[in-house]
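Q: Annotations for this protein, taken from TrEMBL, read as follows:
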type     : residues  : note
TRANSMEM : A:17-34   : transmembrane segment
TRANSMEM : A:46-66   : transmembrane segment
TRANSMEM : A:72-96   : transmembrane segment
TRANSMEM : A:135-160 : transmembrane segment
TRANSMEM : A:166-184 : transmembrane segment
TRANSMEM : A:213-231 : transmembrane segment
Amino acid sequence: MSATNTKTAFWRGARDALPFLAVVGPFALLFGVVATEAGLRVYETLAMSVVVVAGAAQFTALSLLADDAPTLIAIVAALAVNLRMAMYSAALVPWLGRAPFWQRALIAYCNVDQTYALSMARFERDPDWSVPARVAYFFGAAAPVFPTWYALTIVGALIGAQIPEWLALDFALPICFLAIIGPILRSVAHVAAAVTSVALTLLLAGLPYSLGLLVAALPAMAVGAAVETWVERRRVPA
Amino acid sequence: MSQATIWTVIVALGIGTYLIRLSFLGLIGDRPLPPVVLRLLRYTGVGVLPGLVAPLVVWPAATGGQPDAARILAALVALLVGLWRREALLAIVAGAVTLYGVLAVEYWLG
């Protein structure tokens, strides 16, 4: 499809985003449940989903707080999980960088895994779309995702308050994390980074204030980057 | 955790996350990131999340920090199903089924 108007682009985005609701919805629900379980009130849980809008980081912060880690550590670790979004932000610049600032400011709020992935795929497939059409597509993709995220967070929080102890929900959080980790282990480099992260945090478990996690993160990232470089060099004969 | 802690985290995490999302799009403009930085950023998720979850699996709080068969098995199943099917929801369901399955067997065996 060639150049398109903004209305068509918006609805195209909304339609493309629908399948993602099957992932976003249950995650929001789980976050609501786990947050209530960790001691947050319903409105605090909702506030976190509206203000932060980043599942993995929200789970990270919760988990560290529930573990009595210092507030600063919980914030820094959760922000570290979100650093990948700087990459999304940079990747969108060639496509959306010429939109007015107020639009880019709103795009930034809606710049999450789903909207980013959908938009990049679409913009690369239809490179001759105008900037307003791309902006419309991006917000179209956000339109079903964000209300679903908010609404199911509330539902989860309301359900969470009713769930009895024997359901072993203490383990919902680790299972959620592991379920996120499996699909992102896309290459040998990702696996190497993950193994480094696990080995170092377990070794450094004695460090105070849950500092081990942060101390382990940078070497783990460096190992991932180094293995990626190494694999590339082997593929290209020197 | 206190209300003040919760709100501090919500506000700080919200502002920080927003600034990360806005960074290049809003403030830094059309300058490409150095390749080394891009390469490191690719591994932020796998550099933090596995380390976060490992102690929760090995030393679960619910059993007073004792390693526990049901939880370790459920963790393995969730991880492997996620790796195999590349589908987080399926992995959650598989992990939960394993957890409750093993807990039920343990209960039944007394």
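Including glycine, each Cβ sits where the backbone N, Cα and C put it.
Tell me about the setting of these features in this model.
A: Panel annotation: around the transmembrane segment (A:17-34), residues 45, 49, 55, 58-59, 62, 114-115, 118, 140-145, 148-160, 163, 169, 172-173, 176 of the same chain, lying at least six beyond its termini, place a Cβ under 8 Å from a Cβ of the stretch.
Outside the transmembrane segment (A:135-160), and at least 6 residues removed from its termini, the chain residues within Cβ reach (under 8 Å) are 6-7, 9-18, 20-21, 24-26, 28-37, 40, 42, 45-46, 49-50, 53, 96, 99, 103, 106-107, 110, 112, 114-115, 118-119, 122-123, 129, 169.
Residues of the same chain lying 6 or more positions beyond the ends of the transmembrane segment (A:213-231) and with a Cβ under 8 Å from any Cβ of it are 64, 73, 76-77, 80, 187-190, 192-194, 196-197, 200-201, 204, 207.
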